[in-house]
Each structure stands twice: as C-alpha cells, then as structure tokens.
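Asks: Just dropping this structure here.
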C-alpha cells in the first residue's frame, strides 16, 4: 500500500524538480527544499506504517491464522484452563463450583482490557457502570456500584452479560427504596457507604476516586502545604478544590478527560455534594486536614482491596495462593503465556496449603505502599553483599512499613519472583511489578502515543526544512 502511494509521490517530486531546475535563480535553496520535502514524505510513510503495525499487533494473530490453528488454540487454552481450575472445582462445603472461562470470554476480556488501557474516562465509566436512575423530573443519571468501580480498574474482570457501553439496569427513583438498598452496594463501615443516600458512584465521584487511588501520599502532602497559606495544616473547600484540580490534571485520567455534555458526564465541580459533606460538614464551612484526608485515602485503598479479596470467593476467610498471585500480577503487563506458567507453578507448589487470610494480604499491600523506601532498603542490602532472602524481606517490612509479613506470604512471593530457584529474590523484576500493582495501572498514559509521535514528527519536519532552506553560515 505504501509502495503504491510512494510511486506517484516520487513522480510528482521529479516533475517539480525539473520545473525548479529550469530557473537559474536560487537553485541551491530550492534543491534543499526538495530534499526536505522528500525526507518528510519518507518519514511520514514509515511512521504511518509503524503505527498501523502497532495498532493491529494484537488483532493480526487472530486474523491471519487459519481456522485450524484457531481451533487448536481454543482447545489448548480450554485444556489449560481446565487444568488450572481442577483443584478449585473440588467439592467443598458451602462453595459454589466456579464456571470455567471459555475462548469467547477471554476475547471479550482482552477487548475490555483495551478499553481500560486506552479509552477516555467517560467511555470507561459508561461501559462498566450498570445502573441508570430515572428521577421524578424525567432526567436520568448513570451510577456505578462499588463492584463496578473495582471491575473498571481491574484487568481480566469481565463485565456481566447484556451490560456494556450505554447498557444499564434501569431504576425509577424512589429515595426511600434506594436508600434501603444501600446495604447491597457497600458495608456500613465502608467509604462507599458515604457516597450520597444511595451509596452509589457518580461520574464526578469516579474521577475523584481514581485520582485518589493513583496519586502517591507524598504528592497530596506537598499540595496541601502549598495551599495552606496560614500554615495551620487545614484547607477550606475552595482551597481543596484547587488542590484536587491540580492533582487530577497530573494523572492520566485527568489529562484524558473531556466534558461530554451529550452523555451528562461533566465535572461541574471537583467532587460530589456527598463528598463535600463528608469532608466539610453539612454547612460546608468545616476545615480539612492532611491527616484526615490521608486517612480517607487509606480507607479507600482498604475498601477496594477488600472488594478485590471478596471477588475470589474466599472459603472460611481464606483465598488460595494462586488467587493471591493473580492479585499481585494483575497489573504487571506480563505476557499471558508467562503469566499462566507462573500461576501454574504457584498452584502446584501450594496444592495442599491452607491459603491466605485478608489480614495477611492487607499487611503485604501495606508493605507495598512504601515500595520506594523498600526499593532503597533492598538496594542497600544488595550493595552490602547480603542476599535478598525471606528473612531480609521480613526485616525490611518491619523497619520500613511497620508490618509483620507471615512466613507463608513470603513463601508465595518468593515462589513467584525467585527466578533461578536459589531462595533469593529477583529484586529488579519484583520492584518493577509491585510499583505497577500499587498504582493499579492508573498512572499509565491513556493513549497509544500517536498524538505525541505526530507532534514530534511535525516539529522535526519544521526544523529540518528550516535548516535546509536557511543553512547556517
């Protein structure tokens, strides 16, 4: 395709060249301009080809393969899935047999992962939200449940059937009835329970909560100090709106958001009336301290982690080691084959183990909140020549995060990241994957780099053409 377009382009350039060469004046400058145009056309063609290849990289494997190869792939994946879930499907008291994920479901999950990675916040919200409430005035508003919110930021979590982009469960507004259903959406001690009378998440809430989850604690501390003009450690509502507006503009979600008046997903204010009441009281004249806000961030992280834990259907308060491993690797970006292999090895090693409690899981994720300090501490150990074994990890957790990691949690982590089986941690890979897990993938740019590439190409073409036309003396 690019060759066919290239031939007439060259012919046109040749004709223009002959025309320019017929004129004696400024021949050298014109030749430079022609060379610049030729280089620019070549660069655009090559870059377009690379972008086309990148955009269709995932689709090529399914398009170009023959039906026979596709069928064999399906059979192989189904067989692998059956092997992986064989132990989980053993009859147990009070546990429902889990349905096996099929070939079609995997393709749907791949599509939904691309929505999470590259779509605008507006589209992500409209795809994963499941409720549409019609008010007495006839106006409607779309809401997420807490489970929808967790699903929207967790890879490989499939949206329920018949619910997708602009497909919702319709509810007529009845304040008393909906408020009575609040317990279905969140526990009374949950942050989500405080989101309005319904305990549901609006679009403004969604943007605010993703901002809180994707921003390190240190960034909020600095922003609060910048707007705390009198130094008393408190900010009012207007100052806090400025703080969170600046923080939001630095996140990938905030940079990608554009108000959509047609869908109603606009940010008229920084956050909803329910959250303003939560932070500043009913009269909105209260003050918010950095301590109280960081406590809100901690509780939000706790509630989201609890929902993730419960999605694995714990038995007697325990999830399997393989399920814990999948939580750790959910945002790793590891290739599917390698990921499947790592989880299989984990399952074989802990086939008859007792599993992990939520307290053990939460302690490890508290350890991850200090991952930058952990990275520094492990680097000191490495430079000192000490091995990064389980005892070292437990010591770092006690020193840096003030938590106690159980021996069993350390065994599972080392089973995942001890690549050569010598009982020592692969520090570089562990830290890189855990940083991605901590931010839940929300810090990644929500685009494929096309706009940035085109801007760089345009700037390069301008500078190149100028250098050819006006060479330095």
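Here the Cβ of each residue, glycine as well, is placed from N, Cα and C on the backbone.
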Asks: Look up region 'Disordered' in Swiss-Prot and report which of 20-60, 61-101 it refers to.
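Replies: Region 'Disordered', as annotated by Swiss-Prot, spans 61-101.
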Asks: Which one of 115-118, 119-122, 123-126 shows up in Swiss-Prot as region 'K/R-ring'?
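Replies: Within the set 115-118, 119-122, 123-126, Swiss-Prot attaches region 'K/R-ring' to 123-126.
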Asks: Which range, 452-462, 463-473, does Swiss-Prot list as region 'C-helix region'?
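Replies: Checking Swiss-Prot against the ranges 452-462, 463-473, the region 'C-helix region' one is 452-462.
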Asks: Among 256-260, 261-265, 266-270, find the range that Swiss-Prot records as region 'K/R-ring'.
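Replies: Spelled out, Swiss-Prot records region 'K/R-ring' over residues 256-260, not the other listed ranges.
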Asks: By DSSP, what is the split of the region 'K/R-ring' (123-126) into helix, strand and coil residues?
Replies: 4 helix, 0 strand, 0 coil
Asks: Long-range same-chain neighbours of residue 429 (Ca(2+) 2 binding site), Cβ under 8 Å, sequence gap at least 6?
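Replies: Residue 429 (Ca(2+) 2 binding site) has long-range Cβ partners 417, 419.
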Asks: Any idea what the model's mean pLDDT is for the region 'Polybasic region' (96-107)?
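Replies: Averaged over the region 'Polybasic region' (96-107), per-residue pLDDT gives 72.
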Asks: What are the DSSP helix/strand/coil residue counts across the region 'C-helix region' (452-462)?
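Replies: Helix, strand, coil within the region 'C-helix region' (452-462): 11 helix, 0 strand, 0 coil.
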Asks: Judged by the number of other CB atoms within 10 angstroms, which among 418, 420, 424 is the least packed of the binding-site residues?
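Replies: Looking at the binding-site residues 418, 420, 424, the Cβ with the fewest others within 10 Å is that of 420.
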